[in-house]
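A short worksheet on the structure shown next.
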């Protein structure tokens, strides 16, 4: 889950340390920690808790580099594996020689493989890590023991034993494709096809509840209706159903959302269109509940009405969780020609988060949105295609799983949600290398047909312009329709524009300078295009290259044309350079003060423009703006108070005397304690962005000797990491209770945590139970907003590509991410330090109330941190405490948990955030994850050219931060006027235990595990 990413390395290191122990040495707390991590992994989501706990006892952790072969085809297996991170290629050879092996698919996160160890059959394929990967490994003896003990749980979870399929053996043959219910590739899907043949119990119950609620509260909605001289019995109208649902619950925010919720019932046949159409519409169309299909449909009893009142909100919550997926399926089931612009945008947004498509350009993804087809199959065992057939389609799994089967070898692997297969068929004409068989009922796929995909690629290539020098590409442009309406006004021909796909840094800069439009009416459009370059240039063209290039472009003189033409060109060229410099300086702001090259360039550039302005009146508009920026940055840099000192405590709590927190800059100095092996310490004073090498030098000066010193960061659980000499800004990357140690390398193993790192021994419930939940949420939001506002957009870029590559600090981002962990552990700490059961119940209520108020204030970061704290295993296992929580609060918590649902790449959260207007504090770990996803899924350089499409995607994500902050956070007047100093101080100085093992032990002491 994303939160594990947010907690940086501590929580992950914790569970890995537990797995590294020998099974006999693992305590119940170790198992709890491993269990918490594994239950969020896709491969284990359907495993029974008892089985998963046994896996926690016997599993091992493996971290493998790219290119490692786990086993070869024909080997006798000794281990079963599950993929926790990364991906692996499955290679098969007809001759059993690895030289001619063909990659038939890729195993992604959540995939499990290796069941052949149950009967010692040879491995059917070679498995090679595609990238750095994390695996869970279970040895053969342990896996067989699990199989014997939990066969009833595992039988439906592991790949079915198809056995060896020898050629000519009738018994071993895969079911014939003609005998399986399969939608033919080129037969258009009709929306009338139902997705499930039998409605699920949950959906049946939901339909009954909604029907009873309507009959109880608005009985006029269900009645006989006449239309075109025909009578339709006991029907509702689509628009009325949407109106009614919006009125019933606060969890429905739009008509589109309500449509999706009714679509859930329609897909399962619990609600039906009178003409059997299968997509629900917010129109004057007639729909009938399943119960009303009967002539003698009963009216609800008083007992049923009472049950309905109790269950209605839970039903609404269930449908609101299922609605987005149903709405997406509804769109995908429309024939491509019937999809609206809004439909295409929804599909495109979904495609952005599918790893299998991450390497494709924006244009290709948008084109795919128009041709993707939804395909579903009700029965496990259905053959999607057979080995040896012509490949005509590429599939992406939306729901369910499939087995990859090869004749003579059986099941070689299983693919799950998010994995793809059949892609080779789109790029060559080779026959299918394997058969694909559904391993469970009700599987959903996205399908791309070869003809459509090849057409898209042909169109893209036809619209691609390649500029060459010395027979080498130096700039690749793509022709796309102009996005703004102004470009098309008064012109019968649709306007075209060119976007940069890739190029050398110099040619990319040259292109942007040449295409800057100087007309005032086009300022906004020009700024938007330039923004990608000025935000991302640090990745491929640092200021040491950019500044000289800008000077050269500014002074460039054309060699051809009349004197007037040359003068006009030179003038406009200079104005374009000034325009880019203004936006560049505005983006970087006071970060430029830390860059000597940039400061020298700005001063030199200002002098050049000032000289030219005396002779050219056209510069009169731009000069004052440039002068203002240069003076502001120069004066700030020279101000004596500029270098404010940052104390150790400030990293956690901020300066209580200051009215507002100020951003930390790399040149700011920090007073920091570095500890020795005997827990004595020396205080050093270095810049925040100092490298580890500089930290060692400062420590050596204090200690009198630096011979063989290393710098180690250690968390409260004793996890130690030796820092590399080129690591920078290490002070803010520590965990909440982490500390820095300095010692000779030979003393590394003897380092132990400080007693103070253990955290508090008594809770603060006595203090904050007297504070209003709304006051606490308000002050938390005020502080979080200050932290969030201090984060510069470029820190996101430095964090994504590695700050050591830029020698820049990400201190403000680090502290904001640490705040998430601090609030999360604050919740767990307070609950685990509360020994009285009734007080713990009150604590749960308090935290749920605070979370609700944070959500009202649009502080999604703290909202998620609190909810994740409540879902921490040390809290969630306290069954006696949760049993006594009133049902109203349980419902609130269930609704909050539903927003944390990580499925479909956190779609529940994304939909919620998309409905909110700024100001907004986002769930920052997910934004970081999105940028990392784009970075890792796309190369920075392609054929020695900068992949600018990747730069554009990352810049687009980073820009959401600017959007969230585009409106100021206006404090609640009623809250701001209160005497809030105590609450303000409390939320800024949280004291927590961040050792999961300690928290689990405390939890077990509060409520020992039931026998």
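One is the number of the first residue shown, and numbering goes on along the chain from there.
Cβ from N, Cα, C; glycine included.
Pulled from Swiss-Prot, these are the features on record:
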type    : residues                     : note
DOMAIN  : 216-291                      : domain 'DEP'
BINDING : 422, 423, 424, 425, 432, 433 : 3',5'-cyclic AMP binding site
DOMAIN  : 496-634                      : domain 'N-terminal Ras-GEF'
DOMAIN  : 772-1009                     : domain 'Ras-GEF'
Cβ-Cβ distance under 8 Å to residue 424 (3',5'-cyclic AMP binding site), same chain, at least six residues away
391, 430, 433
What's the number of neighbouring CB atoms sitting within 10 A of the CB on residue 432 (3',5'-cyclic AMP binding site)?
20
Quick one: what's DSSP say for residue 432 (3',5'-cyclic AMP binding site), helix, strand or coil?
coil
Would you mind ranking the binding-site residues 422, 423, 433 by how many other Cβ atoms sit within 10 Å of each Cβ and giving me the lowest?
423
Confidence summary (mean pLDDT) of the domain 'Ras-GEF' (772-1009)
93
Reduced to three DSSP states, the domain 'DEP' (216-291) has 31 helix, 20 strand, 25 coil
Its residues classified by DSSP, the domain 'N-terminal Ras-GEF' (496-634) shows 111 helix, 8 strand, 20 coil
